[in-house]
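Inspection log for the structure reproduced underneath, given as structure tokens.
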Amino acid sequence: MVKSKVKKVEKGKEGEEKRSTYVLLKKVLIPILVFGFAIYAFYLRHLTAGKYFPDPDTFYHFEIYKLVLKEGLPRYYPMSDAPFGSLIGEPLGLYLLPAAFYKVVSLFGYNELQAFLLWPPFVGFLGVIAVYLLGRKVLNEWTGLWGAVVLTVSTANFSRTFSGNARGDGPFMALFIFASVAMLYYLKESNKTRKIIYGTLFVLLTVISLGAWNGSPFGLMVLLGFASLQTIILFIFGKLEELKKFVKEFYPAYLAILAFGYALTFPGIVKIGGFIRFAFEVFLGLIFLLVIMLYGGRYLNYSDKKHRFLVVTIIVLLGFGGAYAYVGPKLFRLMGGAYQSTQVYETVQELAKTTIGDVKAYYGVESGNGLIFFLSIPGLLILLTKYLYDLFKKAKSDNETLFALVFYTMSLYLLYLAVRFLFLASYAVALFFGIFIGFSMDVIEKMKENIGIKAALGIVLSLMILVIPFVHAPVLARSARALKNTEIEVTGWEQALKWLRSNTSKYATATSWWDYGYWIESSLLGNRRASADGGHARDRDHILALFLARDGNISEVDFESWELNYFIIYLNDWAKFNAISYLGGAITRKEYNGDENGRGRVTTILLTQAAGNVYVNPYARIVIKVIQQNKTRRIAVNIGQLECSPILSVAFPGNIKIKGSGRCSDGSPFPYVVYLTPSLGVLAYYKVATSNFVKLAFGIPTSSYSEFAEKLFSNFIPVYQYGSVIVYEFRPFAIYKIEDFINGTWREVGKLSPGKHTLRLYISAFGRDIKNATLYVYALNGTKIIKRIKVGEIKYMNHLEEYPIIVNVTLPTAQKYRFILAQKGPVGVLTGPVRVNGKITNPAYIMREGESGRLELKVGVDKEYTADLYLRATFIYLVRKGGKSNEDYDASFEPHMDTFFITKLKEGIKLRPGENEIVVNAEMPKNAISSYKEKLEKEHGDKLIIRGIRVEPVFIVEKEYTMIEVSASAPHHSSE
């Protein structure tokens with residue numbers, strides 16, 4: 001008996017030693033493994049680092065980051081919304097973080113760009129560490145490990161933390177997770193010193209996170225939701241002492257977060273001041289509820305859970321009712337900015353509503369199977385079951401468990417709202433994936449089998465889970481390497497923008513479709529002011545779309561009011577032309593994206609490549625054939641098994657027109673036009689078949705209006721092309737045809753000889769009337785003007801009703817002749833912030849009605865001018881065409897832009913080349929804006945949608961516009 005007892009004791013000691021060794025190994029090895037995976041996460045995310053950024057918005061963030069390094073806390077960005085610039089709308093905390101990171105890594109030789117490329121992968125590295133710490137705090141070490149492993153290779157997480165994507169949601173989430181870990185330790189810790197440290201970290205990290213992203217209200221709402229639920233649950237279950245302890249610890253910390261966060265809104269480090277005020281009001285409501293909970297027992301029945309629950313329910317319902325009455329429907333629109341219902345936002349993919357296909361793609365392993373997401377659901381069920389069991393059996397509401405449940409629930413709510421939140425939810429999904437595996441490992445560890453069997457089971461489970469990173473990491477790496485070769489480098493944008501940078505004035509402006517505005521502005525590329533980009537002047541998107549998608553007079557936009565110099569056409573925008581056509585009013589909502597069942601959607605433009613006698617697009621399964629039958633030709637478009645006949649086909653060269661039936665072999669309509677060139681076939685929906693994009697992108701001179709194509713090509717002159725990018729110089733006033741009166745006959749000429757001429761000039765005024773203008777001819781040798789000849793005047797010419805002008809001129813001997821129109825027009829770009837009475841104001845809306853004061857401007861010009869300074873109003877609005885409401889599938893929206901001068905502020909201002917500082921006393925008349933708004937509302941009623949109202953400072957000078965340059969030829973006649 002004694003011997004057997006001794007053996008049992010020895011075996012017990014041996015088991016204890018094995019268990020202690022196992023625990024020690026786990027505590028040491030798991031953190032090492034996590035650190036290794038975090039480094040691997042950094043490696044994967046840094047594979048995208050190259051010359052440029054794969055994400056277009058990051059070009060803008062890079063520019064503001066450089067301004068922060070240069071100026072500290074800048075307020076103004078001069079390159080957007082040309083020629084005015086814009087206030088910086090993003091929180092400066094987003095840029096202070098990588099700027100601080102640069103200060104550290106610059107010690108090791110990294111420059112500004114290299115540090116900026118390192119920053120997002122470093123955020124990814126931190127995110128992996130943060131999820132590990134949160135997982136081990138919520139459940140166990142295994143949870144932290146497997147959450148970190150999954151986050152390392154999560155496509156959803158990679159999508160916002162790869163090098164070249166420096167948006168704010170990445171650093172916000174990493175900081176918020178660290179803050180949450182600090183909060184949970186703070187609430188648990190009993191040691192006073194450590195409690196102060198954790199509490200300080202909680203407040204500090206949360207406040208910093210508020211400055212990282214304008215979506216940071218998510219963090220405040222998670223914390224407030226957690227606090228509200230914990231307060232209510234502890235009260236209902238009668239845990240008043242725990243409630244008092246929780247209130248004493250959490251409430252002051254949350255109040256400090258709101259106070260410090262709001263204080264940082266004044267220097268612009270945090271930009272969610274309105275939401276902080278709202279959160280404070282909700283927090284006051286929670287405090288009011290708390291007071292009733294703690295002190296209402298004197299008057300209310302708190303005898304049991306049912307009565308306490310009833311009291312809370314009534315008060316909460318009353319609170320919601322009061323909040324709804326105070327705030328309105330937007331009470332339920334948490335993060336509503338992510339899914340705003342405007343026509344522009346409808347066309348932005350990342351703001352679209354999330355589908356199950358998106359979830360599967362972003363949370364898939366090797367393919368779009370959504371495995372990571374679906375394995376997080378058992379984690380939710382496990383933790384929810386554990387929480388409810390502890391709550392109802394032990395009256396215990398664990399901070400860690402409740403917080404994790406609130407975090408996951410609110411993350412999934414946002415994931416449901418918009419595609420962009422697939423990233424934000426990646427942390428919660430990884431955490432609950434880890435909870436599922438961590439719980440399974442915990443079950444194995446607590447089994448009664450010997451440690452060898454348990455270890456074997458644990459190893460098998462671990463190997464099964466390790467399949468995820470081993471299988472998906474190579475997929476992610478291939479995607480990352482593909483992203484490194486950016487669209488800029490392979491399409492011609494790099495060469496075109498560097499040409500623009502080298503061959504135009506530093507004050508020149510350019511535009512394209514808004515997606516490319518940040519490339520135009522970037523100091524790495526164009527370094528020129530852009531009229532529209534991905535974050536500014538969103539009202540102008542409709543005007544750009546109107547120009548690109550339409551034809552004829554309606555498409556004539558007053559680009560001169562934007563002081564536009566260059567328009568860049570990207571041939572690949574045919575793939576975006578559904579969105580462009582919709583925003584430009586060319587097609588209806590149904591034609592853009594289909595009805596509720598997806599029916600009615602059209603493809604506006606499709607390209608095919610010439611291959612012998614046919615034109616092929618293998619991806620769309622389309623073949624265009626030119627069929628010769630006897631002496632006639634017909635065009636057949638094969639779509640799968642269908643054969644269709646377009647309404648019209650036009651073959652170039654020769655402008656040969658071939659009419660068709662506009663129907664397919666099954667009798668369905670086929671409302672398309674086909675253009676065939678030697679290398680390319682263009683299939684265009686009939687509503688956009690003559691659009692300006694078709695003209696400028698493919699050089700097809702098509703229009704529904706006589707001579708409009710010729711006019712357009714005179715106003716937009718190609719000056720550079722590389723790959724799929726064409727740079728056009730914009731001329732507001734141009735001559736598209738010159739006729740010379742020779743021997744009693746008008747003859748069109750392309751050259752002019754020295755001597756006397758009677759010329760008929762066909763003028764195209766694009767989007768702007770000619771008023772009190774003078775016509776000149778400059779005779780040039782090279783770039784030197786040898787003679788300036790006045791040839792005529794134009795008192796007024798409506799840009800929609802141009803007519804030819806007859807002039808008499810005697811031309812001297814010269815190499816070429818430049819025709820000039822001189823009339824008043826805008827000049828200058830703002831180079832610094834606009835101040836009214838010393839305060840920086842919005843440069844595109846500088847004064848309100850009835851406001852007056854000292855106006856300070858900085859304006860840059862290329863040469864000397866004498867200018868008058870005006871306040872000008874610009875209204876950009878849509879008028880619904882068709883449909884009974886704005887949500888009707890048959891509705892289309894026609895863009896309009898109206899401009900008018902409000903008042904002259906000062907005349908005779910001397911502007912010199914370079915930057916000029918101008919100070920004037922300004923006064924904005926009353927009712928100048930409101931009266932015009934009322935006029936539009938009266939005219940259009942509920943069909944009116946105002947997209948932008950501007951009050952802009954404009955310098956008006958006598959300005960010379962080049963209309964055409966013609967080469968000289970040898971003298972050969974005299975005019976009669």
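Placed from the backbone N, Cα and C atoms, the Cβ positions cover glycine too.
Note that this is a predicted model, so its numbers are computed, not measured.
Per Swiss-Prot, topological domain 'Extracellular' is recorded for 43-112 (among others).
A C-beta separation below 8 Å, combined with a sequence spacing of at least six in one chain, links ARG167 (Mn(2+) binding site) to ASP55, ASP57, THR58, HIS61, ARG160, TRP213. In the three-state DSSP assignment, the secondary structure recorded for ARG167 (Mn(2+) binding site) is coil. Annotation comment: Swiss-Prot describes ASP57, ARG167, ASP169 as Mn(2+) binding site, evidence class similarity to another entry.
As annotated by Swiss-Prot, transmembrane segment applies to 113-133 (among others), with the evidence given as sequence analysis.
Swiss-Prot lists 136-156 (among others) with the feature transmembrane segment. For the transmembrane segment (136-156), the list of distant contacts is 26-27, 30, 33-34, 37-38, 40-41, 44, 127-129, 181, 184-185, 361-364, 372, 383, 400-401, 403-404, 422-423, 425-427, 429-431, 433-435, 437-439, 441-442, 465-466, 468-469, 472-473, 476, 479: same-chain residues at least six beyond its ends, Cβ to Cβ under 8 Å.
Positions annotated as topological domain 'Extracellular' by Swiss-Prot, on the basis of a curator's inference: 157-165 (among others).
Counting only same-chain residues 6+ beyond the ends of the transmembrane segment (166-186), those with a CB under 8 A from a CB of the stretch are 53, 55, 57-58, 61-62, 65, 90-91, 94, 97-98, 116, 119-120, 123-124, 126-127, 130-131, 133-134, 137-138, 160, 194-195, 198-199, 201-202, 205-206, 208-209, 212-216, 218-219, 222-223, 249-250, 253, 399-400, 403, 407, 420, 423-424, 427. The transmembrane segment feature in Swiss-Prot is assigned to 166-186 (among others); the stated evidence is sequence analysis.
Outside the transmembrane segment (194-214), and at least 6 residues removed from its termini, the chain residues within Cβ reach (under 8 Å) are 89-94, 96-97, 167-169, 171-172, 175-176, 178-179, 182-183, 185-186, 220, 223, 249, 253, 256-257, 260-261, 264, 269-272, 276, 337. What Swiss-Prot lists as transmembrane segment is 194-214 (among others).
Nonlocal intrachain contacts for the transmembrane segment (216-236), taken as residues 6+ away from its ends with a CB within less than 8 angstroms of a stretch CB, comprise 91, 172, 176, 179, 183, 206, 209-210, 242-243, 246-247, 250-251, 254, 257-258, 270, 272, 275-276, 279, 282-283, 286, 289-290, 293, 305, 308-309, 312, 316, 334-335, 391, 397, 399, 402-403, 406-407, 410, 414, 424. Annotated transmembrane segment per Swiss-Prot: 216-236 (among others), in sequence order.
Sequence annotations record features per position, and here Swiss-Prot assigns transmembrane segment to 248-268 (among others).
Outside the transmembrane segment (270-290) by six or more residues, the chain places 89-91, 93, 207, 210-211, 214, 216-217, 220-221, 224, 227-228, 231-232, 247, 251, 254-255, 258, 261-262, 264, 312, 315-316, 319, 322-323, 326-327 with a CB less than 8 A from a CB of the stretch. According to Swiss-Prot, the feature transmembrane segment maps to 270-290 (among others).
Annotation source Swiss-Prot lists transmembrane segment at 307-327 (among others), citing sequence analysis.
Per Swiss-Prot, topological domain 'Extracellular' is recorded for 328-360 (among others), and the stated evidence type is a curator's inference.
Across the motif 'TIXE motif' (347-350), mean pLDDT in this model comes to 61. If you look up Swiss-Prot, you'll see 347-350 marked as motif 'TIXE motif'.
Proximity of distant same-chain residues to the transmembrane segment (361-381), defined by a Cβ-Cβ separation under 8 Å and at least 6 residues beyond the stretch ends, is recorded for 150, 154-156, 159, 405, 408, 422, 426, 428-436, 439, 467-468, 471-472, 475. Per Swiss-Prot, the feature transmembrane segment maps to 361-381 (among others); the stated evidence is sequence analysis.
For the transmembrane segment (397-417), the residues of the chain that approach it from at least six positions outside its boundaries are 134, 137-139, 180, 183-184, 187-188, 218, 221-222, 225-226, 229-230, 233-234, 237, 239, 242, 246, 334-335, 338-339, 353-354, 359, 376, 380, 383-384, 386-387, 390-391, 424-425, 427-429, 431-432, 435, judged by C-beta separation under 8 angstroms. Per Swiss-Prot, transmembrane segment is recorded for 397-417 (among others).
Swiss-Prot lists 419-439 (among others) with the feature transmembrane segment.
A Cβ within 8 Å of the Cβ centre of ASP57, ARG167, ASP169, the residues given for Mn(2+), is found for these other residues of the same chain: ASP55, THR58, HIS61, ARG160, ASN165, ALA166, GLY168, GLY170, TRP213. Within the same chain, residues 73, 75, 88, 91-93, 183, 186-187, 199, 202-203, 206-207, 210-211, 220, 223-224, 227, 230, 276-277, 279-280, 283, 287 sit at least 6 positions outside the transmembrane segment (248-268) and bring their C-beta atoms closer than 8 Å to a C-beta of that stretch. Between the binding-site residues ASP57, ASP169, ASP169 has the most other Cβ atoms inside 10 Å of its own Cβ, all protein chains included. Same-chain residues lying 6+ beyond the ends of the topological domain 'Extracellular' (157-165) with a Cβ under 8 Å from its Cβ atoms: 41, 44-50, 52-55, 58, 117-118, 120-121, 123-124, 127, 151, 362, 422-423, 426-427, 430, 476, 479-480, 483, 486.
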